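Asks: One structure coming up, written as structure tokens, with questions to follow.
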Amino acid sequence: MQLDTSAPNPVISTNSSELGGSIKTGSGKLFDRKNRLLFYNRAFKIACIASAAFVCLILFSILFFMFRTGVLTFRDVSPMTFFFSSDWSPENESYGAFIFIFGTFALTILTLLISVPLSIVIAVFLAEVAPGWMRNFLRPILDLLVGIPSVVYGFLGLTILIPLLRDITGTNMGDGILAAAIVLTIMVLPTISRISDDAISVVPKKYRDASYALGATRFQTIFKVTIPAARSGIMYGVILGMARAIGETMAVVMVIGNTPQLADALFKPTSVLTSNIVMQIANVPFDSTWNNALYMMGFLLLVISLLMIVLVRLLQRKGAHQ
Amino acid sequence: MKLFKSLSVAAMAIALVASSISSVGAASSLKGKIVINGSSALLPLTLQAANEFKKLNPKVKISASAAGSITGPQSVRKGIADIGAVDWDASTDVPGFKKFDGQVANKVAVIPFAAVANKNVGVSNLTTKQLQDIFSGKVTNWKDVGGSDASIIVVNRAFGSGTRVNFQMKALAGSEFLSKGSNYKEVKSSGDMKTAIETTPNAIGYIDLVYVTSNMKALQINGVAPSEANVINGTYKVWGFGYFMTKGKPEGAVKAFIEYIQSVKFQNGSLKKLKFIPISAIK
């Protein structure tokens, strides 16, 4: 305040010295600017560490809680029965979850069989073939598709896809693993193709130039050079899509038929881990083996998706080394 | 949504003020907190009753939520809830569920159920025996029960559903359901059942009577059409009571709330509007 009343000439010099001095001296004694800054820095650091710790705490308490409740299953059911028996009828004390575990993997594999080739073709088209204006038009559309809530996909599957499948194939119901795989394919398609698209786009131009210089055709260049070079990025997309397919619940539960029987045909109502949990969890008695078995299934899902994430990390590291 | 919320809050506040002014002398001194959990089928009824009851007894707080029927008596046993809404009498054994000891079942409404089929099904009447055969998987073709030659698609509610328990007890006389087969599926809720029956040719299922639409066919059972009138005159047997389970005999605010739901005024007013049948109508 005193500075303002001083003569205009020395203002600049006092101002600069004042700036430098303010850090050292400041106004107060105990809580001067230096200490204040130090305090803010420390407090912010602690807040950041606390937030990070909080996230870890959430993850581990979820894991711990699911495991603690789930593992109680094995008081009443042997692990052999739980993992390898295909007789799931909780009302008669049979808790074989093999149908659901098998169903989850069968559904995921079928989904990937349909979606991966399609996605890669889309990605190649976007990155290599499509003219610029079309690329700029299609990429945001794919990004928007990722954001559609799964229940919408499920509802459309139930009201449009299943009657369509029934008409085309002449089956009685249409519910089953194929219907679920088609719905999931539509859901994971944008994820896989956009990530693959990015991976293909960043393949250095010199690779393509070298390939062309050796006399390769465009087709040969794309499938023998570009895609192999973008391999780890594409795998990353596939695994993300796979994780989404494994964990997806709402869309699946609406089209899969929810019957505890082995998915040995494309059009047979069946059930997977997620759909079985959501179908039954509201209706089970709290402290029953049945309830614990559902928690165990949830824990299994959690472990599977954690493994997927670890795999993604490994691939990323491998990709970075190349 | 926010506007609507604040509007409804304002409306409620005005209603509260108005009721407290108009009935200063009669204002109830009842205090307390009532937690209700359980059947989603009974939730609209519970919410309506709670709103009206709170106007009469401003000092009573009521919070109601719903999951599955079985969570009602369970929450009561665990002490989480004061009232457990359930679609069957949970103080007795029913197929699949043991009784809850020490709980008292208070009847609050009559819920009729109907066997329903897709519009394309030619059959309009089934006997109890035929229903048993269809839902246990013994009869798999509509031609065996007087329809055209087509496979029967059985749509069932998941185990634990209150509708399923009632249908099994009242329409199938306790006989078992099939649980496997390529023409069998289970659905999660009454809404899913409605969609499945409406969109799947040759499908048969069952549903609360209030959910029956013109896009499906409500089947006669033993020659009697499912209707409110037939439930009341005693000819249609497929219905159940909705119950409020309490730990021991209800007391205080809980007792007053249950009595309010059972009162003639509520039973013949709001309850009928929500398409339930008053308990007093059943002889």
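The count begins at 1 with the first shown residue.
Cβ atoms here come from the backbone N, Cα and C positions, even for glycine.
Automated prediction, rather than curation, is the source of TrEMBL annotations.
Look at TrEMBL and you will find A:101-312 tagged as domain 'ABC transmembrane type-1'. If you look up TrEMBL, you'll see A:43-67, A:97-129, A:141-165, A:177-196, A:234-256, A:293-315 marked as transmembrane segment.
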Asks: Verify whether three or more Cβ pairs under 8 angstroms connect the transmembrane segment (A:97-129) with the transmembrane segment (A:177-196), leaving out any pair fewer than 6 apart in sequence.
Replies: yes
Asks: So which residues does the transmembrane segment (A:141-165) touch in its own chain, when a touch means Cβ under 8 Å and the partner is 6 or more beyond its ends?
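Replies: That would be 122, 171, 173-175, 178-180, 182-183, 186-187, 189-191, 193-194, 248-255, 267.
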Asks: Using a Cβ-Cβ cut-off of under 8 Å, list the residues of the same chain that are 6+ residues beyond the ends of the transmembrane segment (A:234-256) and lie near it.
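Replies: Those are 103-104, 107-108, 111-112, 115-116, 119-120, 123, 150-151, 153-155, 157-158, 161-162, 175-177, 179-180, 183-184, 187-189, 191-196, 199-200, 227, 269-272, 274-275, 277-279, 301, 304-305, 308-309, 311-312, 315-316, 319, in sequence order.
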Asks: Quick test of the contact rule: Cβ under 8 Å, at least six residues beyond the ends. What residues does that give for the transmembrane segment (A:97-129)?
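Replies: Those are 82-86, 88, 135, 138-139, 142, 177-178, 180-182, 184-185, 188-189, 192-194, 196-197, 199-201, 222, 226-227, 234, 237-238, 241-242, 245-246, 252, 256, 260-263, 270-274, 276, 293, 296-297, 300-301, 304, in sequence order.
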Asks: Mind checking which residues reach the transmembrane segment (A:43-67)? Cβ under 8 Å, same chain, six or more beyond either end.
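Replies: Tertiary neighbours of the transmembrane segment (A:43-67) are 295, 298-299, 302.
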